[in-house]
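Report on the structure given below.
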Amino acid sequence: MFSTAKNLSVVDPDLWKYVEAERHRQDEHIELIASENYTSPAVMQAQGSQLTNKYAEGYPGKRFYGGCEFVDGVEQLAIDRLKKLFGAEYANVQPHSGSQANQAVYFSVLKPGDTVMGMNLGHGGHLTHGSPANLSGKLFNIVPYGLNDKEEIDYDEMERIALECKPKLLIGGASAYALRFDWARMADIAKKVGAYFMVDMAHYAGLIAAGVYPNPVPHADFVTSTTHKTLRGPRGGLIMAKAEFEKSLNSSVFPSLQGGPLMHVIAAKAVAFLEAAQPEFKAYQEQVLKNADTMAKTLASRGLRIISGGTQSHVFLVDLRPKGLTGKAADAYLGQAHITVNKNAIPNDPESPFVTSGIRIGSPAITTRGFKEAEAAEVANLIADILDNPTDESVIAATKAKVHALTSRFPVYGA
């Protein structure tokens with residue numbers, strides 16, 4: 001029998017010190033990594049529940065184990081909420097990650113050697129959309145599309161490439177593209193060449209759920225996503241699709257790619273989908289857009305170049321070359337002041353992916369804390385102060401003090 005009095009701090013103090021240190025870091029630092037966010041206490045409560053004890057291979061009503069009547073209810077609730085949230089015909093909430101959700105789609109409609117079009121990783125795409133370092137780039141013939149001289153997607157060029165290479169699958173979505181995608185145009189291109197159309201909306205899912213960014217579900221054959229990032233749920237993945245793909249996708253997830261689903265994580269996904277359907281979530285996402293736009297414009301006013309000229313989403317890239325800095329260096333200097341960003345390649349970057357010429361900045365986490373335009377502008381000015389004086393210890397110390405003043409005013413988790 002387990003004693004509930006024996007909590008983690010008692011059972012494993014060595015681990016607990018790291019958990020507490022990370023909690024303090026999240027409390028005190030300004031988080032600007034676009035793929036990170038804070039989950040609600042309800043999401044964490046679901047993920048830390050006794051549902052973690054239950055094995056449930058299969059799907060609701062079709063399990064390989066007994067005792068699944070209650071976890072069936074959990075998973076069906078998550079499926080129903082997800083379908084309603086995005087207007088989908090079919091949904092699968094079992095993928096453990098966005099990468100596995102993408103793999104499930106690939107393996108349901110592609111064969112090794114098939115041609116796939118996805119956004120160039122160096123122009124803002126994602127590893128799983130055909131990078132040579134990823135399984136997708138090793139199994140399939142990848143033909144990338146990218147940005148034009150204005151650092152916008154060139155749909156005419158995309159169509160020209162598609163007509164030439166005749167892909168089996170066209171992929172939309174990105175990890176570092178600030179502007180809006182034209183899903184309808186991409187669907188039309190896919191239709192012209194007889195390709196399936198898949199959208200990986202991982203970065204934009206929360207914005208889409210709130211109706212402040214275009215919804216790909218009516219246009220795409222398949223839509224995948226993570227459940228964290230802007231959606232503010234637990235770490236995990238999901239798939240939505242036309243109803244005709246239900247059987248092939250279900251079998252592609254289980255038993256082809258995964259075994260038992262993580263029922264405690266699926267429960268947390270269900271909570272996140274419920275939260276995303278509330279009016280306050282729409283207000284949150286509207287503020288995410290305002291904060292990102294404010295930061296981009298403020299940094300531009302301080303002499304920094306914003307890739308694509310600005311942002312229409314939660315994220316944007318900053319070209320550091322005018323400052324004579326690399327992304328790796330800027331990441332480190334800002335980190336000393338307790339501002340967390342990530343180095344990121346910019347289009348046609350002369351530096352390696354481990355160094356880069358840019359940084360990626362996102363507004364989801366600071367908006368969850370309650371930051372509005374005034375605070376977003378202050379954060380951007382703090383970033384610019386560091387980038388203007390990266391080796392000045394007095395500037396770093398003064399900036400860190402201002403960061404702590406901000407974060408103390410806006411705690412992540414209140415009473």
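Each residue, glycine too, has its Cβ placed from N, Cα and C.
Marked as (6S)-5,6,7,8-tetrahydrofolate binding site by Swiss-Prot: Leu121, Gly125, His126, Leu127, Ser352, Pro353, Phe354. The N6-(pyridoxal phosphate)lysine annotation in Swiss-Prot covers Lys229. The site 'Plays an important role in substrate specificity' feature in Swiss-Prot is assigned to His228; the stated evidence is sequence analysis.
For the pair formed by Gly125 ((6S)-5,6,7,8-tetrahydrofolate binding site) and the residue listed as 'N6-(pyridoxal phosphate)lysine', distance between Cα atoms is given as 16 Å, rounded to the nearest Å. Considering only the residues assigned to (6S)-5,6,7,8-tetrahydrofolate binding, Leu121, Gly125, His126, Leu127, Ser352, Pro353, Phe354, the longest pairwise Cα distance works out to 16 Å.
Candidate binding-site residues: Leu121, His126, Leu127, Ser352, Phe354. Nearest to Lys229 (N6-(pyridoxal phosphate)lysine) by Cα distance: His126.
Around the Cβ of His228 (site 'Plays an important role in substrate specificity'), 26 further Cβ atoms fall within 10 Å across all displayed protein chains. Here the Cα atom of Leu121 ((6S)-5,6,7,8-tetrahydrofolate binding site) is found 21 Å from that of His228 (site 'Plays an important role in substrate specificity').
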